[in-house]
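Feature list (source: TrEMBL):
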type	residues	note
TRANSMEM	12-31	transmembrane segment
DOMAIN	13-395	domain 'Major facilitator superfamily (MFS) profile'
TRANSMEM	82-100	transmembrane segment
TRANSMEM	106-127	transmembrane segment
TRANSMEM	139-160	transmembrane segment
TRANSMEM	166-189	transmembrane segment
TRANSMEM	216-237	transmembrane segment
TRANSMEM	249-268	transmembrane segment
TRANSMEM	280-300	transmembrane segment
TRANSMEM	306-326	transmembrane segment
TRANSMEM	338-359	transmembrane segment
TRANSMEM	371-394	transmembrane segment
Amino acid sequence: MAPRAEPPDGGWGWMVVLSAFFQSALVFGVLRSFGVFFVELVAAFEEQAARVSWVASIGIAVQQFGSPVGSALSTKYGPRPVVMVGGILAASGMLLASLATSLTHLYLSIGLLSGSGWALTFTPTLACLSRYFSRRRSLATGLALTGVGLSSFAFAPLFQWLVSRYAWRGALLLVSALSLHLVACGALLRPLSLREDPIVGGPAAQLTSLLHHGPFLRYTAAITLINTGYFIPYVHLLAHLQDLGWDPLSAAFLLSVVAVSDLVGRVVSGWLGDAVPGPVARLLMLWTALTGVSLALFPVARAPTALMTLAVAYGFTSGALTPVAFSVLPELVGTGRIYCALGLVQMVESIGGLLGAPLSGYLRDVTGNYTVSFVVAGACLLAGSGILITLPHFCSPASASKPRDLVTEAVDTTVSQTRDVLGRD
């Protein structure tokens, strides 16, 4: 198709939003509901919480660490075939996990194979969405990522019911069938050519410019810290509630409350990101700090009312930070480099995803409860919010909130080089 001067802010982009909605549900909705399987796997394999935590953590880490591969393949072949192959890999991993006889099998099936499939689905889909929108980018991203909240609300009690009815092996087999719908999500992605694409250069040139881009590097460090503590409640909150004497179904219901609040937070934050004047980075810092505070307060709460209040607060703020986090990135690096930039961010933040849940499980094994685990998780998010303050977007007025785009720098460099050649001639 003919290159467009700028994103269309609609049109087929809404079908891409629909694809991203279901794709986010089938990736992160499953990951967020993994706490249901966590308790069953600890009992089935008679292993410590820290070792079982590596199943989800490896899956998250592989999904993020492998994102540059998905980005590079999407740049060359387009996002559609890449996401469809990823859906097949994700479903195959869950299928093999239902046959596991040891934790090593789960590390390889869910962690490595399904994680690789998720790496080929999430980043290409979200990068494709960012290329379709400009003025409505935060809202479109927020709507797409509501799939995480809706699926978490549905999947937590659904998986608990499936485990009670078919045991954890049968439940994983059904999750495998559910994951095959990622193939249909990939079929909806239509590549979009923008006029700036030839200017930004190939993956190597983009990577070099990003590694010398200070605000991008600070943003990546902040997201890595946020990712370290972000997933802790979805892996260990159910076990924490059972330590307090809650029955499994009631604990799963509280996870559903978190999911509903998360859903509302994503929509509200996406709307605010486009409607409120000023840098989006300010909203990201606010939601990140509030999420860290709510996480750190979880061990203090004992009464059901207090826990319910914190669940609502955590769900809303953690959901709210997600769409604005992805909206900040195109403003920092430009739309033409979004595939490479998002893949690189996902790869680096995989360090946090890999270490977060096992560290939380280790602290639980050492201390006998999850108090220190939640406090450390909250501290990681607060540290990330502190780094976000250093972004140039944060202190700039609305009219100057977008720094000099890397695409403009590339154009200036090209013009300068042309003048040099003409001067020599």
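Cβ coordinates come from backbone N, Cα and C, glycine included.
Keep in mind that TrEMBL annotations are predicted by a computer and have not been checked by a curator.
Sequence-remote contacts of a segment are chain residues at least 6 beyond its ends whose Cβ falls under 8 Å from one of its Cβ atoms, and for the transmembrane segment (82-100) they are 23, 26-27, 70, 73-74, 106, 108-110, 112-121, 124-125, 169-170, 172-173, 175-177, 179-187, 189. Within its own chain, the transmembrane segment (139-160) has Cβ neighbours under 8 Å at 13-14, 17, 20-26, 28-30, 32-33, 35-37, 126, 129-130, 132-133, 171, 175, 234, 248-249, 252-253, 255-256, 258-271, 273-274, 315, 319, 322-323, 326-327, counting only residues six or more beyond its boundaries. When each of 12-31, 106-127, 216-237, 306-326 is scored by its Cβ pairs under 8 Å to the transmembrane segment (371-394), the top-ranked stretch turns out to be 216-237.
Residues 56, 59-60, 63, 83, 90, 118, 121-122, 125-126, 128-129, 132-133, 140, 143-148, 150-152, 154-155, 175, 178-179, 181-182, 184-186, 188-190, 231, 234 of the same chain lie 6+ residues outside the transmembrane segment (12-31) yet bring a C-beta within less than 8 angstroms of a C-beta in it. If you count C-beta pairs under 8 angstroms between the transmembrane segment (216-237) and each of 249-268, 306-326, 338-359, the highest count goes to 338-359. Note on the transmembrane segment (306-326): residues 126, 130, 138-139, 141-142, 145, 148-149, 223, 226, 230, 233, 241, 254, 257-266, 268-270, 273, 280-281, 283-284, 287-288, 290-291, 294-295, 297-298, 300, 342 of its chain, located 6 or more positions outside it, place their CB under 8 angstroms from a CB of the stretch. Averaged across the domain 'Major facilitator superfamily (MFS) profile' (13-395), the predicted model reaches a pLDDT of 85.
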